[in-house]
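Database features (TrEMBL):
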type	residues	note
ACT_SITE	Y215	active site
ACT_SITE	H363	active site, proton acceptor
BINDING	N67, E107, D256, N258, D362, H363	Mg(2+) binding site
DOMAIN	525-574	domain 'GRF-type'
SITE	N258	site 'Transition state stabilizer'
SITE	D336	site 'Important for catalytic activity'
Amino acid sequence: MKTEGLESPPHVCPTLLRHAQERLRKCARGRPGLADFVFGFLLAPTWGAGLKALQLAVSMLRVVSWNINGIRSPVQGVGYEEPSNCTAMAMGRILDKLDADIVCLQETKVTRDVLTEPLAIIEGCNSYFSFSRNRSGYSGVATFCKDSATPVAAEEGLSGLLATQNGDVGCYGNMDDFTQEELRALDSEGRALLTQHKICTWEGKEKTLTLINVYCPHADPGKPERLAFKMRFYRLLQIRAEALLAAGSHVIILGDLNTAHRPIDHWDAVNLECFEEDPGRKWMDHLLSNLGCQAGSHTGPFIDSYRYFHPKQKGAFTCWSTVSGARHLNYGSRLDYVLGDRTLVMDTFQASFLLPEVMGSDHCPVGAVLSVSSVPAKQCPPLCTRFLPEFAGTQLKILRFLVRLEQDPVFRQSALQLSNQTPVQMRQNKARVRSTRSRPSQAGSSRGQKNLMSYFQPSSSRPQASPNLELPSLGTLVTPKTSEEDVMASVVEGRAKASEAKNEKEVRTSFWKSLLGGPLPMPLCGGHREPCVMRTVKKPGPNLGRHFYMCARPQGPPTDPSSRCSFFLWSRPN
């Protein structure tokens, strides 16, 4: 940061300045551009400008999105430490490592019946879940908000059919092109979750911000109906987002959009047929503003925040194939985005980033930093998981220890009579109870309490020693000493038996090896002359279940000699 000729104004306390700098660099993950921007204001010559900039630096809003690929397995250790055995601690550590005010997760693969309290309720946060209603362990999204960023409204789905009319976001737009059955199908997979927040800009203006956490469908090439489903989901998402913008709210769409927008966002776009003609990419062209083009080009309502700050950054991928080990050589694509409306991105976005160092999924987190502060709601919306009956009941049980319980009238009357008794009456009652107790017979009872001396008397069931029994003499109990020759002979004999057993085991092993043959050695790949790895065909077709050999190295660009070669060999049937 260039500060020649400028002195720190007297209205900025040095301690506060250092605190703001530490907080700001933590929010920006060490990105100096953001620090330079704000600390230019900190050196402002007036009290008002310096105070506003200081408040801005301390209270920025940080949002992060991550396709977690299953929130329960392995409750992802975030790559920095080993996963904890405690689910609640592990989930809390994930949120701490991401260090965001709002964390949006996709592909949670959890349904309500298997959602546990340690995953749903984290201290210092309020969470919101959308579940798949058709399949278990499929799709699903979740949003975790710090208590300092509690939303004023939350809603599941895009169509409004899942809304409860209490604490919902609203603003649905014109959905006449969709049938009711189609809208229910689009919202039945748990792919969208909306949270609406109040934010305050550094000028002191309070505005509304709506976050749309989405996990867009994947279009399987072998299933054309899924491509149609994906495009209808895109259309519904755009209608809802534009309706919220028209109502005066700022909008952020973040999550896994399942489309690499530009050739720079895909590792092998050059070799893909009709890359630009993909329907998903055409939809994104219409949705987003093309910032690098000349005047007169299409101006969409949203901006890709990462390309806004890093327009020419290559290799900025967020998804890799785990089967081929492509992450090792960064052979992936960018499917995860933080999209903001044009005004919001240009006025308040200060940074947009990827976190490829965070492990635990086939995706990496993405995020953005906004120069606004969150105004938390006084109460969580009804969709919050802490209000679910299965969790609300366990949380409220402690109140039974704090609230005075109503006693039964009969019990209260008997307790009052006992409390009014005199000491003489209490002693008489005790004596009366003691005299009415039945006492066991001392003569023939076997159940009463035994006397201590009974344990030291000889038992009648114990066998008595016979007087005619002759005990062996002491001399016969003494073991004779073994000579040194006998010891050596026994050692040699033991070794011979062990050697014989070993030879017999080797003979049996060699016999079975000659009979069965054992596994064949792995063939060597043609590119590196290294042992291959065996794979199994999982694609439906005539070769389903067949085994084949391929290069064991991770997948990478064809020009990289350290990446996987093109070796392929079918395995011979046994």
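Cβ coordinates come from backbone N, Cα and C, glycine included.
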If you draw a 10 Å sphere around the Cβ of E107 (Mg(2+) binding site), how many other Cβ atoms fall inside it, taking every protein chain shown into account? 24
For E107 (Mg(2+) binding site), the closest of the recorded positions by C-alpha position, picking from Y215, D336, H363, is Y215
Residue with minimal Cβ packing [other Cβ atoms within 10 Å] among the recorded positions D256, D336, D362: D362
Could you check which of the recorded positions (Y215, D336, H363) sits closest to N67 (Mg(2+) binding site), going Cα to Cα? H363
So which one is it: of the active-site residues Y215, H363, which has the fewest other Cβ atoms within 10 Å? H363
Integer Cα-Cα distance in angstrom, N258 (Mg(2+) binding site) to D336 (site 'Important for catalytic activity'): 7
Cβ-based isolation winner (fewest other Cβ atoms within 10 Å) among the binding-site residues N67, N258: N258
Candidates D256, D362, H363 (recorded positions) with Cα within 10 Å of D336 (site 'Important for catalytic activity'): D256, H363
Using Cα coordinates, what distance in whole Å links D362 (Mg(2+) binding site) and Y215 (active site)? 14
Per DSSP, what is the helix/strand/coil residue tally across the domain 'GRF-type' (525-574)? 0 helix, 12 strand, 38 coil
Residue pair D256 (Mg(2+) binding site), Y215 (active site) - Cα distance, angstrom, rounded: 5
Rounded Cα separation (Å) that holds between the residue listed as 'active site' and H363 (active site, proton acceptor): 12
Do you know the mean pLDDT across the domain 'GRF-type' (525-574)? 87
For the recorded Mg(2+) site, whose residues are N67, E107, D256, N258, D362, H363, find every other residue on that chain with a C-beta no more than 8 angstroms from the centre of their C-beta atoms, and list them by sequence position. N69, Q106, Y215, C319, L335, D336, S361
